[in-house]
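Going by TrEMBL, these are the annotated features:
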BINDING   Phe48, Ile49, Ile50, Gln51, His52, Tyr110, Arg114, Thr251  substrate binding site
BINDING   His237  heme binding site
Amino acid sequence: MTKTPYDPAREGAQMSFDGRLSYGDYLQIDRLLDSQRLLTGAHDEMLFIIQHQTSELWMRLALHELDAARTAIAADRAREAFKMLARIARIFEQLNSAWDVLRTMTPSDYTTFREGLGQSSGFQSHQYRLIEFAVGNRNLAMIRPHAHRPELVALLEAELARPSLYDEALRFLARSGLPVPQDVLNRDLRSHWTPHDGVQAVWEAVYRDPKAYWEAYELAEKLVDFEDYFRRWRFNHVTTVERVIGFKRGTGGTAGVQYLRRMLEVELFPELWHLRTTL
Ligand code: HEM
């Protein structure tokens, strides 16, 4: 006896979308799926493109959350920011797991389409630079690869004009009555962050008496948590790169693995790491 196939319409599933907003309409799936333009006929190029595009989508969400987290901290709604900062850390955890998919691509696979990439590289990801600028790692040299796209330069410049996540955290500490040095509160926002003994002393005070400064303490741990996941992302990236291209130069023109190893040393919230030694 043949069984009639199950028809979800019987229990109310909407089957007609003439004039109604559908899943594909809402999510613009056509546009999304039209964005994988392979330049070579290589099988693995699809993986390479999707891995980068999905990373950019998650970065977009991270920026959205970073924006709101900073606004919340600036308005002394730190607890609201904690939720967003926890989400950002999870986004990076997600991106960290994603490397496992890319690692299935061998050096032989990559050479089948590497030529097609020309000089393009993640080094030119403006969203990655926006994230770095937003959290506090501000290196003006990183704007130059976007000079041919004034609207991206404007985005990066707008970010530099705004206090970073770390700046907002320190302003929050000052408003909580902690003695954050004035030169830090009045600093040139565009300038590169240099570790400051006075800032470290303030964070130390928080860690010595968490109960007295619970929100500041929780904020500090959220920042460390984010940086921890971000560091893992950098480490996974450099390890994947070594596995795929060894010590060849990058398509973006840097020394490749040597450059990325150097980036592993960048500290986003240096005082929060340094205090662990002195506490
Ligand atoms: C097999 C895959 C990959 C290889 C071989 C690779 C290689 C490289 C290399 C050599 C660099 C240094 C700049 C250069 O000279 O090109 C770089 C930078 C970068 N890549 Fe990748 N990459 C890969 C996958 C990815 C993925 C999936 C992403 C996700 C968006 C990504 C994002 C970045 C970013 C953001 C930078 C700049 C890092 C910084 O300046 O600190 N890469 N990549």
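Each position is counted from 1, following the chain as shown.
Each Cβ is built from the backbone N, Cα and C atoms, and glycine gets one as well.
Features per TrEMBL, on structure.
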residue : record                 : Cβ contacts under 8 Å, 6 or more apart
Phe48   : substrate binding site : Leu102, Met105, Tyr110, Phe113
Ile49   : substrate binding site : Gln36, Arg37, Leu38
Ile50   : substrate binding site : Gln36
Gln51   : substrate binding site : Ala98, Val101, Leu102
His52   : substrate binding site : Gly122
Arg114  : substrate binding site : Ile245, Thr251
His237  : heme binding site      : Trp99, Leu260
| message | Need one number for the substrate-binding residues Phe48, Ile49, Ile50, Gln51, His52, Tyr110, Arg114, Thr251: the maximum pairwise CA distance in Å, whole number please. | response | 18
| said: Quick test of your reading of the structure: among the binding-site residues Ile49, Ile50, Arg114, Thr251, whose CB sits under 6 A from ligand 1? | reply: Thr251
| request: Specify the secondary structure state of His237 (heme binding site) as given by DSSP, simplified to three classes. | output: helix
| request: Quick one: give me the count of other CB atoms within 10 A of the CB of Thr251 (substrate binding site). | output: 19
| field | Surrounding CB atoms that lie within 10 Å of the CB of Tyr110 (substrate binding site), all protein chains | value | 18
